[in-house]
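Here's what TrEMBL has on this protein:
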- Glu51: active site, proton donor (ACT_SITE)
- His49, Cys77, Cys86: Zn(2+) binding site (BINDING)
- Ala160, Trp176, Thr202, Ser228, Gly310, Gly311, Val312, Leu313, Asn314, Ala315, Ala316: NADP(+) binding site (BINDING)
- Ser174, Arg190, Asp206, Arg213, Glu308: substrate binding site (BINDING)
- 1-125: domain 'CMP/dCMP-type deaminase' (DOMAIN)
Amino acid sequence: MDDFYLNRSLILAEQAISLSSPNPRVGCVLVKNGQIIGEGHTQAAGSAHAEVMAIRNATERGLDATGCTVYVTLEPCSHFGRTPPCVNALKSIQPARVVVALLDVNPQVSGQGVSALRSAGMLVDVLPSSHPIAVATHELNIGFIERMTRGKVYTRLKTAASLDGKTALPDGHSQWITSDAARTDGHRWRARADVIVTGIGTVLHDNPQMNVRGARVAHPPMKCVLDSYARTPLNARLFEDDASVCVVCADLDESHDEHAGQSARLAALCAAHTAVRIVRVPMLNGRVDLAALWVYFHEQSFNEIHVEAGGVLNAALLSARLIDELLIYQAPRVVGAGLPMADFGDALILDDLQKKPNWQWLDVVRLGEDVRLRLRKTQHHNET
C-alpha cells in the first residue's frame, strides 16, 4: 500500500504548483489503521509545509495522529528557515513510520531530516531514486533541484510549429498553427513557471496577454519582456490583469543614441503602470546580456522560467545554452516559406553530425491532431 499513499501524496504536491515557490512542491499523507486521517501540501513561502498541513488536517477532523504512518514526497526539513523544522512537527506525533519518496537536495536538509527522525527512534524508509514515484517527485521539482544542485534557474522553451519547423507565415501570422488541445496543454506548463519570458518583437507584433488560462493558479507567473530600448506599449494587453510585469532593458550609457528616448519611455511606462518592475542589464552584441539576466533570475530564487518568444530570441537563448528543456507542439501541416522556431541566421550550431545528440527525449504525447515533444538538454551538452 505504500505506493498508493505516496501517489496520493504526489497528487497533493501537484496542488502546490504556482503556490510554493521558491520552496519545493511537497505533499504529505497521514495513515492510521488503514485510513487516511490527514493530508496537506506546501503552502506559500513562509507558511506551513506539507507535514504541518497534514497534522493540522488530522487535528481539525478530531483525529489523533500519534503513531500513524507518514507518507511524504520529499524529505522533511530539519533547519529553521521562515518556518520551524518539519521534523519537529513529526516528532510531536511520534509516527510509527515515515516513508519518503525523495531525499531533499537542499544542502541545509539533504539526509539530515531522515537522520534526525531516525535519531528520534522513528522507522524511516526512503524509496530508491529509480522508483517511479521518486522520479515523478524529481520531475515535479526539477526547477528547485536544478537551483540547489547547479546554481541556475531551470528554463523551458515552448514553441508551436509546423512539420517543417515554422512558427508563423512570412507576414508573422501565427494564430493558430496548433489545436485547442495543444494550447490548453501549453497553459498548464505556463502555470508551473515563476516567470513567463518573451521578447519585444512578440509584444509589438502579437500583443499577447502572457497569462495562464484554463488552469488554476494561486500566484500567476510574473510576465517578463526583454525590451532593450523600452518600446513596450503603455496599452499592451500584458498589463490587463493583476500579474506582476517586469521589463528588462539595456543599461545604456548617457552617450548612447537611444538613452534619452529610452529614459522618456521608461518614465511614461512607470507612470502608467506603477507596479511594473524595471530591470537594467548590460548590453552584449546589441541586445540585453542574456547570461547576466539569467543570473538575476537565479538571484531572485526563481525555480522555473517559461519562454514563449520569436525565432531570434529563441536562437539567442539556445546559442547561450540557457535552455534546459524544449516543449514543442507540432501540427500536421507544412508551411514552406515562413518564420522558423529558432532563427540562427548563418550561425553553425552543430559542426559534426557524429557528435552525441544535444538533447534527449522525455516524452512524445498526442494532443488531438498535434503532438507534444519534450526534450531535455544532455549533460555533456551542458559541459561543452
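One-based numbering along the chain as shown.
Quick reminder: no glycine exception, Cβ is built from N, Cα and C everywhere.
Since this is a predicted model, take the numbers as computed values, not measurements.
Per the record's binding annotation for NADP(+), residues Ala160, Trp176, Thr202, Ser228, Gly310, Gly311, Val312, Leu313, Asn314, Ala315, Ala316 show a top Cα-Cα distance of 28 Å. In the structure shown, across all protein chains, Asn314 is the one of the binding-site residues Thr202, Asn314 with the greatest number of other Cβ atoms within 10 Å. A 10 Å cutoff on Cβ-Cβ distances gives Arg213 (substrate binding site) a total of 12 other Cβ atoms nearby, all chains included. Residue density at Ala160 (NADP(+) binding site): 24 other Cβ atoms are found within 10 A of its Cβ, drawing on all protein chains shown. Note on proximity: among His49, Glu51, Ala160, Thr202, Asn314, the recorded positions of the record, the Cα nearest Arg190 (substrate binding site) is that of Ala160. DSSP assigns the residue listed as 'active site, proton donor' to a helix in the three-state reduction. For the recorded Zn(2+) site, residues His49, Cys77, Cys86 set the reference point as the centre of their Cβ atoms, and the other residues of that chain within 8 Å of it by Cβ are Val26, Ala50, Glu51, Val52, Pro76, Thr83, Pro85, Val87, Ala89, Gly113. Counting only residues at least six positions away in the same chain, the Cβ atoms of His49, Ala50, Glu51, Val52, Pro76, Cys77, Ser78, Gly113 sit under 8 Å from the Cβ of Cys86 (Zn(2+) binding site). Ranked by Cα separation from Ala316 (NADP(+) binding site), the binding-site residues Asp206, Arg213, Glu308 are led by Glu308. For Val312 (NADP(+) binding site), the same-chain residues 6+ apart in sequence whose C-beta sits under 8 angstroms from its C-beta are Gly199, Gly201, Asp343. The binding-site residues shown are Ala160, Gly310, Asn314; of these, the one with its CA atom nearest the CA of Asp206 (substrate binding site) is Gly310. Using a 10 Å Cβ-Cβ cutoff, Gly310 (NADP(+) binding site) registers 24 neighbours.
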